[in-house]
Amino acid sequence: MLKIADKTFQSRLFTGTGKFSNRHVMAEALAASGSELVTMALKRIDLAQRDDDILAPLLSMQMNLLPNTSGAKNAADAVYAAELAREALATNWLKLEIHPDPKYLMPDPIETLLAAEQLVKQGFIVLPYCHADPVLCKRLEEVGCAAVMPLGSPIGSNQGLASKTFLEIIIDQAKVPVIVDAGIGSPSDAAQAMELGADAVLVNTAIAAAHDPIAMAKAFKLAVEAGRMAYESGLPSRVKMATASSPLTGFLDFVS
């Protein structure tokens, strides 16, 4: 069980809603993933229409919605988008995204921290997408964010956990849930994040862009469960030298 703010989740796999070929594939893939929390870009949905292609299936599935501020270029943009989302969707939950550079989509750490502090004061439950920067993640925690969402690698790049060393530090020092977001390109990447001790992962492109998104969603579901189970079971430490699992002496004496 994973608790974030006022909600408890059975699944530690959170999902995105972009890049699916159609709403039906999206709905089937989300169901196969077992995910209970989905994020969607405010700029991609019509908040005034409950039968919106993205919003309608999510509402019918009774998904927990995590609107995001993708497209915001600064703190002011993000706060404005958050207020619109809260009014239209009746939720205080928000994935805070501020990435002014359209090429690499790197999150702006300064604007993200400024927006997070303001949004928390306004009563939002803020989950900020950010660099895998241990200092920044600690600052976001200190201003009241309900979780932190450091990137594994650039959004949609499928490069996996390029930031592994820094993720380990963030996980070690965090007092709020750590959700690895962005760049997770395969189920093995998700399992690795969970083995490190991440509380959850958020996956979109790797599922939506797969040849069979529904099967891939199930693969991610199993990978996240396996990775978490491995972490909780206590993985053995890595060592430089070999350690035998069978006796190395006495064999000839035994058989002679």
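Note: Cβ is positioned from N, Cα and C throughout, glycine not excepted.
Database features, via Swiss-Prot:
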type: ACT_SITE; residues: Lys95; note: active site, schiff-base intermediate with DXP
type: BINDING; residues: Gly156, Ala182, Gly183, Asn204, Thr205; note: 1-deoxy-D-xylulose 5-phosphate binding site
(Q) In the three-state scheme derived from DSSP, which category covers Ala182 (1-deoxy-D-xylulose 5-phosphate binding site)? (A) coil
Q) For Lys95 (active site, schiff-base intermediate with DXP), which residues of its chain lie six or more apart in sequence with Cβ-Cβ distance below 8 Å? A) Thr39, Leu66, Pro67, Asn68, Thr69, Leu127, Pro128, Tyr129, Met149
Q: Tell me the Cβ contacts of Gly183 (1-deoxy-D-xylulose 5-phosphate binding site) under 8 Å, same chain only and six or more apart in sequence, or just say none.
A: Leu151, Gly152, Ser153, Pro154, Ile155, Gly156, Ser157, Asn158, Gln159, Gly160, Leu161, Ala162, Asp189
**Q.** Least surrounded among the binding-site residues, given as Asn204, Thr205, when other CB atoms within 10 Å are counted
**A.** Thr205
**Q.** Cβ-Cβ distance under 8 Å to Ala182 (1-deoxy-D-xylulose 5-phosphate binding site), same chain, at least six residues away
**A.** Tyr129, Leu151, Gly152, Ser153, Pro154, Ile155, Gly156, Ser157, Leu202
Q. If you measure every Cα to Cα pair among Gly156, Ala182, Gly183, Asn204, Thr205, the residues listed for 1-deoxy-D-xylulose 5-phosphate, what is the largest value in Å?
A. 9
Q.
Please give me the CB contact count at 10 A for Gly156 (1-deoxy-D-xylulose 5-phosphate binding site), counting all chains in the structure.
A. 18
Q | Remaining residues near the recorded 1-deoxy-D-xylulose 5-phosphate site, that is with C-beta within 8 Å of the centroid of the site residues Gly156, Ala182, Gly183, Asn204, Thr205 | A | Gly16, Pro154, Ile155, Ser157, Asn158, Asp181, Ile184, Gly185, Val203, Ala206
